[in-house]
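S.K.: Shown below is the structure under consideration.
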């Protein structure tokens with residue numbers, strides 16, 4: 001019987017499962033190198049952790065790793081039901097809150113190594129978390145897609161830790177009771193991008209689709225389709241970072257100016273950015289809540305020990 005020890009949390013409604021023990025040893029390389037080892041040699045552990053029957057399509061996993069640098073409090077590898085994520089904003093907030101719950105960190109600034117770089121996270125007195133993300137930028141603007149049944153659609157391609165296609169003029173109603181239609185629409189967008197060979201820089205796969213609309217309680221409301229066909233319940237940290245990059249490129253948001261991003265379920269992140277040389281550094285703030293302490297049991301006699309669909 002194999003065992004995986006986890007802490008579950010949610011950030012603005014979006015769950016994170018932090019793996020604190022039980023995965024195979026991945027060595028002492030960088031987080032990017034360890035991700036490659038996990039994906040190439042031990043991917044069944046990801047599947048066991050986040051696929052049904054122990055997980056679900058919406059669940060994001062976060063493997064807690066020993067960092068390389070002495071000034072970092074943790075390393076982390078993010079994954080979901082379809083594969084791996086370079087960075088995850090809501091997951092980083094959940095990670096920090098979980099480490100505090102475990103008594104491993106206190107309030108203050110903490111450095112966290114990810115596969116796409118080191119981020120800084122601040123645990124505040126009210127236990128909200130600010131994340132100083134990796135640099136974000138807009139790669140292309142007003143990219144035209146021919147979408148079957150919807151005609152021409154224009155969007156921006158931006159990096160916020162993952163690749164996003166961001167659409168403001170889409171004609172969709174962003175509301176929780178319209179999630180099924182929004183999911184179909186954004187899947188069509190992703191398929192159209194793939195069919196047209198449209199990518200991020202250096203062929204990066206655009207696996208997140210983000211729609212925006214007005215919101216009476218925030219600067220914007222979004223709907224984000226994540227890899228694996230699930231939608232983000234939170235406002236999406238890397239997606240908000242990509243949005244900041246687009247707003248800055250259009251001259252619509254100044255450094256330090258606050259932006260409040262709402263999700264399709266109404267949860268919110270506050271955000272702003274700083275310029276460091278030519279780089280745009282997003283800073284996001286949100287809250288996570290602990291929902292479970294658990295031990296996942298992997299019984300070799302279980303036909304779905306490594307997940308349904310594995």
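Just so you know, glycine gets a Cβ as well, placed from its N, Cα and C.
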S.K.: Besides 89, 90, 232, 237, 238, which of 101, 110, 208 does Swiss-Prot list for that substrate site?
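M.R.: Answer per Swiss-Prot: 208.
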S.K.: Could you give the Cα-Cα distance between residue 232 (substrate binding site) and residue 88 (active site, proton acceptor), in whole Å?
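M.R.: With distance taken Cα to Cα, residue 88 (active site, proton acceptor) is 11 Å from residue 232 (substrate binding site).
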S.K.: Would you list, in sequence order, the residues of this chain other than 89, 90, 208, 232, 237, 238 that have their CB within 8 A of the centroid of the site's CB atoms, where the site is the one recorded for substrate?
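M.R.: Counting only non-site residues, the set is 14, 88, 91, 160, 161, 162, 224, 226, 234, 235, 236, 239, 240, 241.
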S.K.: Which three-state DSSP class does residue 89 (substrate binding site) fall into?
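M.R.: For residue 89 (substrate binding site) - judged by DSSP and reduced to three states - the answer is helix.
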